[in-house]
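Asks: Following this message is one structure expressed as structure tokens.
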Amino acid sequence: METAIEWITAHEILDSRGRPTLEALVGLANGATGLAQVPSGASTGTFEAHELRDGDPKRYGGKGVLRAVENILGPIQSELQGEDALNQARIDQLLIDLDGTPNKSRLGANAILAVSLATAKAAAEAVGLPLYKYLGGPFANLLPVPLMNVLNGGAHADNNVDIQEFMLVPIGAASFREALRYGAEVFAVLKQVLQQKGLSTGVGDEGGFAPDLDSNAAALDLLMTAIEQAGYKPGADIALALDVAANELLQDGQYHFEGKAHSAADMVAYYQQLLANYPILSIEDGLAEEDWAGWQAMTAQLGSRVQLVGDDLFVTNLTRLQKGIDSAAANAILIKPNQIGTLTETVSAIQLAVQAGFRTIISHRSGETEDTTIADLAVATRAGQIKTGSLCRSERIAKYNQLLRIEDELGEAAVYAGRVGLGPRAR
């Protein structure tokens, strides 16, 4: 069988923060190969699949991944040798069964995901298709709206801003290439605005600026100024999005925000105020991952006006997503393959979300690599949205550049999600 897995190798490498991660290379009988590198998050949900680290304080402060590498070279390779790489669902189920734990803690979700993605890439090469076409078929032609994280706070930056991400959303562009240009031009102007105000232009983990500001609203004001000075119309050409990462704000049942303790109802009232004053289309993790009652109330009050995204709430997990659907908590899901650990489970989460009328956003992590799989995945699944950072740092730009290549390859068949109303909006 030409597409049988013949060998698998793996290496400990570094991510964009200088922390260890791993890559896997899968080789098939016909000579096709697939390389995949896995990312790592800074603000992680409690219910994410387990990222296996060595725990040896003498190496990388315990963050090494040599155990995960050994799991790939040993039991995973033995299990998958001779299996057909074209049967992704079987490959992923074999990996899940081999691990045998609910959260992939024995082999490590990082080891499992690297092999899962590398297998798909090898299979795509074997049949002579780009990854997005191999995964998505003839209807893989929708280019996602990018949610560009240009101002950072929270766990992604060392500053006094509570909200983790302030994003540009170029909904008014005619193509992905134009959307990327919109964002890049505003990002350049934003740097000038910060310099004129004597504010820091140092960047956070995802490439956004991380200045010290008086309030979270001050960050939104900076974005509005930069959009206008770049020659665009806020709300028409470029809208805004937030990732609050409220888990990071929760202490003793209260949300500690701008120096005060707040209830879930207080936070929702605050978001209502922001929506009245700014063209915000999307709020991610506005409340904590176990505040289901708060999420239900927030969705009831705001869900008809804004996209309410569950990241830590759902962690790309089918069980948690189904609970959100059943309880009317959130109306969109952030999709991070490393939260769940296999390509098949990732696609299943997307399918469940779409069936329920939820929007889907394919996402990077704060600790990234030059791997561009999520760009192909966004097009393959017609997700309509992608989060992959700011307009600097090459591990972020790599994904944008891959989307440019895909759009060019599709030619006239390419459709930009923002142009046809498939980007972020209320249900």
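Even glycines carry a Cβ here, placed using N, Cα and C.
I grabbed these lines from Swiss-Prot:
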- GLU206: active site, proton donor (ACT_SITE)
- LYS336: active site, proton acceptor (ACT_SITE)
- GLN164, LYS336, ARG365, SER366, LYS387: (2R)-2-phosphoglycerate binding site (BINDING)
- ASP243, GLU284, ASP311: Mg(2+) binding site (BINDING)
Asks: Go through the recorded positions ASP243, GLU284, ASP311, LYS336 and tell me which ones have a CA within 10 A of the CA of the residue listed as 'active site, proton donor'.
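Replies: Final answer: none.
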Asks: Going by C-alpha positions, which of the recorded positions (GLN164, LYS336, ARG365, SER366, LYS387) is nearest ASP311 (Mg(2+) binding site)?
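Replies: Going through GLN164, LYS336, ARG365, SER366, LYS387 one by one, the Cα closest to that of ASP311 (Mg(2+) binding site) is LYS336.
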Asks: Please determine which of the binding-site residues listed here (GLN164, SER366) has the lowest count of neighbouring CB atoms within 10 Å.
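Replies: Counting other Cβ atoms within 10 Å of each of the binding-site residues GLN164, SER366, the minimum falls on SER366.
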Asks: Where the record says GLN164, LYS336, ARG365, SER366, LYS387 bind (2R)-2-phosphoglycerate, what is the longest distance in Å from one Cα to another among those residues?
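Replies: If we measure all Cα pairs in GLN164, LYS336, ARG365, SER366, LYS387, the largest is 17 Å.
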Asks: Using C-alpha atoms only, work out the spacing between GLU284 (Mg(2+) binding site) and LYS336 (active site, proton acceptor) and round it to an integer in Å.
Replies: 14
Asks: How far is it from SER366 ((2R)-2-phosphoglycerate binding site) to ASP243 (Mg(2+) binding site), counting Cα to Cα, in Å?
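Replies: If we compare the Cα positions of SER366 ((2R)-2-phosphoglycerate binding site) and ASP243 (Mg(2+) binding site), the gap is 13 Å.
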Asks: Using a Cβ cut-off under 8 Å and a sequence separation of 6 or more, which residues in the same chain sit near LYS336 (active site, proton acceptor)?
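Replies: Spatial neighbours, sequence-distant, of LYS336 (active site, proton acceptor): GLY41, ASP311, VAL315, THR316, SER363, HIS364, ARG365.
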Asks: Compute the mean position of the Cβ atoms of ASP243, GLU284, ASP311, which form the recorded Mg(2+) site, and then list in sequence order the other residues of that chain whose Cβ is within 8 Å of it.
Replies: GLN164, GLU165, LEU242, VAL244, ALA245, ILE283, ASP285, VAL309, ASP312, LEU334, LYS387
Asks: Let me know the DSSP-derived helix, strand or coil state of LYS336 (active site, proton acceptor), please.
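Replies: SS state of LYS336 (active site, proton acceptor) = coil.
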Asks: Give the distance between the Cα atoms of ASP243 (Mg(2+) binding site) and GLN164 ((2R)-2-phosphoglycerate binding site), rounded to the nearest whole Å.
Replies: 6
Asks: My understanding is the cutoff is Cβ-Cβ under 8 Å with a sequence separation of 6 or more in the same chain; which residues meet that for LYS387 ((2R)-2-phosphoglycerate binding site)?
Replies: PRO146, LEU147, ASN149, MET167, LEU334, ILE361, ILE362, SER363, HIS364
